[in-house]
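Summarising the annotation, TrEMBL assigns domain 'Enolpyruvate transferase' to 5-425. What TrEMBL lists as phosphoenolpyruvate binding site is LYS19, GLY91, ARG119, GLN166, ARG349, ARG391. What TrEMBL lists as 3-phosphoshikimate binding site is LYS19, SER20, ARG24, SER164, GLN166, ASP318, LYS345. Look at TrEMBL and you will find ASP318 tagged as active site, proton acceptor.
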Amino acid sequence: MEIGKITGLKGTITIPGDKSVSHRAIMLGSIAQGTTEIHNFLRGADCLSTIQCFRSMGIEIKENQDIVTVHGKGLHGLTAPSDILDVGNSGTTTRLLSGILAGQEFDSKMSGDSSLNTRPMRRIIEPLTQMGANISSIMRNGCAPLYISKGNLHGIHYHSKVASAQVKSAILLAGLYADSETAVTEPTLSRNHTELMLKEYGADVSASFKLGSTVATASVKPCTELFGQNITVPGDISSAAYFIAAGLLVPDSEIVIKNVGINSTRSGILKVCENMGANISLLHETRAGGEPVADILVRTSQLHGTTVEGPIIPTLIDEIPIIAVMAAMAEGTTVIRDAAELKVKETNRIETVCDNLASMGCDITPTDDGMIIHGGNPLHSANIHTLLDHRIAMAFTIAGLVADGITNILDSKCIDVSYPTFYDTFEDLL
Ligand SMILES: O=C(O)C1=C[C@@H](OP(=O)(O)O)[C@@H](O)[C@H](O)C1
Ligand SMILES: C=C(OP(=O)(O)O)C(=O)O
């Protein structure tokens, strides 16, 4: 995809459904009793992998544009897949599904693409094993492909080293099948969609913060039945982030982004934008599917550098590539730290962000847990090596809109993983 410099992005856009919420709606719908209707479902490749996995385990799932109907068969209604479950590029599918599969009577295997199969899975193998699950890395390297066979699950209180919603969710989902309460404590609160949605489906879930610390605990009681729901998925703030950045960086722009999920465990990017001096307002705040949503009004702004660190990091972890692009265009220095998790995403996002921004003329230095960006140098065009990472492709598309010359996004098709209509959205802004 070739991207040139532009001015004046103006208009109102709607962002597709949230990826995290879409995955969870399929998973919980499949193990609930009765029908679940999901509105504004994200038809991105990752969520389609989740659908396919549950179809392979006997669940009827009908797709009608962005409305998906799941005919759930209850907590014990899944059937043995005849083949290895293909999780594609999706870490969320792999880790959350592991928690569910740990509670099944049948054996299963899961494998993904070459990126997925290098991502760390010990973080879920270890707690699920403590719960009594039989789960192993087939290549014995701590990565997928994974093999899961019947185990008898008991409740544990797990203290996770990483603030990861995927780890937390895998344990809570296995906890539905355990013989006593299961709790997860994480160093700082990660996205809480699983807790919120489990509650909607009828599970007995609690969540608490320890006073005076950032530590967060979520727990679930063993469950006998979940009940099918009607779910409206909010627009994905991680996808909206590219248009927030475009509205701020492209001269003479004014964009309204409709119906975006602003759950505080996801909306750290809004705080960072505010700290950078952005002109952003939230309009029409309301709720959809148990989640807070709002329209976001963005106007071109002169940004300045900031520090992004500590408990805010899990609330914006997928937005760091686009935050780095904003920082490159901001006056002054931006420091991003406490974000070592970036190294184990679809690519090592510290490297992919730093290499590509440096190739566009940005003064950027990678660190062990983030990066330091001296902003304000004009960006120039480059060939962007996405390494098939959707977030890199989208973040550098926005960089291309403000860079001199024609920026070439290599393998931009990888954007289908989370936002297949990304380039179409621009048509409403030109
Ligand atoms: O639970 C989820 O839906 C997700 C959690 C995050 O991963 P971690 O749990 O590994 O931080 C995030 O990066 C990913 O895109 C989606
Ligand atoms: C890291 C991501 O997703 P996942 O972990 O589900 O592959 C992402 O979408 O940026």
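Even glycines carry a Cβ here, placed using N, Cα and C.
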Over all pairs within LYS19, GLY91, ARG119, GLN166, ARG349, ARG391, the annotated phosphoenolpyruvate binders, what is the largest Cα to Cα distance, rounded to whole Å?
19
The domain 'Enolpyruvate transferase' (5-425): mean pLDDT?
97
SER20 (3-phosphoshikimate binding site) to GLY91 (phosphoenolpyruvate binding site) - Cα separation in whole Å:
11
Binding-site residues close to ligand 1 - of SER20, ARG119, ARG349, only those whose C-beta is under 6 Å away:
SER20
Entries of GLY91, ARG119, ARG391 (binding-site residues) sitting next to ligand 2, with Cβ under 6 Å as the cut-off:
GLY91, ARG391
If you measure ARG119 (phosphoenolpyruvate binding site) to ASP318 (3-phosphoshikimate binding site) at Cα, how many Å is it?
15
Which one of these binding-site residues, LYS19, LYS345, has the sparsest Cβ neighbourhood, judged by other Cβ atoms within 10 angstroms?
LYS345
I need the nearest neighbour of SER164 (3-phosphoshikimate binding site) among the binding-site residues LYS19, GLY91, ARG391, using C-alpha distances.
GLY91
